Amino acid sequence: MQVEAHLQKIIDQEGKVHLTLIDPASQTPERAAEIALAAVKGGTDAIMIGGSTGASGTLLDETVIKIKEKVDVPTILFPGSSAGLSRYADAVFFMSLLNSRDLGYVITNQVMGAPLVYQSQIEPISMAYLIVEPGGTVGWVGDAKLIPRKKPELAAVYALAGKYLGMHYTYLEAGSGADKPINPEMIGAVKKVLGENKLIVGGGIRDAEAAKLCASAGADMIVTGTVLEEVRDVTAKVAELVSAIKR
């Protein structure tokens, strides 16, 4: 499966993509697979697997394997470092945290991880990763110089730099469990400069209203993760979010 082409096809046909983020450190591999299956029943298009801390090694491998046993949508690694790679996934967001002060998150982890991606033939999807206030755990771990919420022009120039460096996707991240999502003004400003390049938005998207607001502002893909760990009916919550963004 060519994952990037698959996601593009969904955008062409349905307008937007919904991605479910599962952190292997938050539950057992078996429970992760149950969440993934419930999300797929709700209409999610792919499963992202990763987290800021603890998502590596045997736990990561077992989580990917269990999820793939349950669902047939793409599994995409969302690594916090080079340790967050698994040869069992379909693809990886091969990303650079452009607004990190730590070169490790800008390029060193990528250099260390590239051989495994090459050898295992996981599909790399190039991505500029940008962390916006409040940033959450990922902002702290990644030593990010957070982009202020009220400075959409800063996010836009970072995104433009990523585009000119050849990155296909840009991800605006407010941080897992953020109290509110990226504001529409910033999403719109970034999408304007990206043009046909794809914009992912995540963090703080907890209901249909927030999802629709982000999608309408210009997000091509919406990510939800934390809220799915908190609700009893994952299928219903995902269906609510998906129906808000798809045409």
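Backbone N, Cα and C atoms are what each Cβ position is placed from, and that goes for glycine too.
Annotated features in Swiss-Prot:
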- D23, S52: Mg(2+) binding site (BINDING)
- Y171, L172, E173, A174, G175, S176, G177, G203, G204, G225, T226: sn-glycerol 1-phosphate binding site (BINDING)
Measuring Cα to Cα, tell me the gap between D23 (Mg(2+) binding site) and T226 (sn-glycerol 1-phosphate binding site) in whole angstrom. 9
If the sn-glycerol 1-phosphate binders are Y171, L172, E173, A174, G175, S176, G177, G203, G204, G225, T226 per the record, what's the largest distance between their Cα atoms, in Å? 17
Give me the Cα-Cα distance between G177 (sn-glycerol 1-phosphate binding site) and S52 (Mg(2+) binding site), rounded to a whole Å. 13
For Y171 (sn-glycerol 1-phosphate binding site), the number of neighbouring Cβ atoms whose distance to its own Cβ is within 10 Å equals 24
Going by a 10 angstroms cut-off between Cβ atoms, which of the binding-site residues G175, G177, G204 has the sparsest surroundings? G177
Of the binding-site residues Y171, E173, G175, G204, T226, which one has its Cα closest to the Cα of S52 (Mg(2+) binding site)? G175
Can you see whether DSSP assigns T226 (sn-glycerol 1-phosphate binding site) to helix, strand or coil? helix
Binding-site residues compared (D23, E173) - highest count of Cβ atoms within 10 Å: E173
Within 10 A of the CB of S52 (Mg(2+) binding site), the number of other CB atoms across every chain shown is 20
Check each residue in the chain of T226 (sn-glycerol 1-phosphate binding site) that is at least six apart in sequence and keep those whose C-beta is under 8 Å from its C-beta; list them in sequence order. S176, G177, R206
According to DSSP, E173 (sn-glycerol 1-phosphate binding site) sits in strand
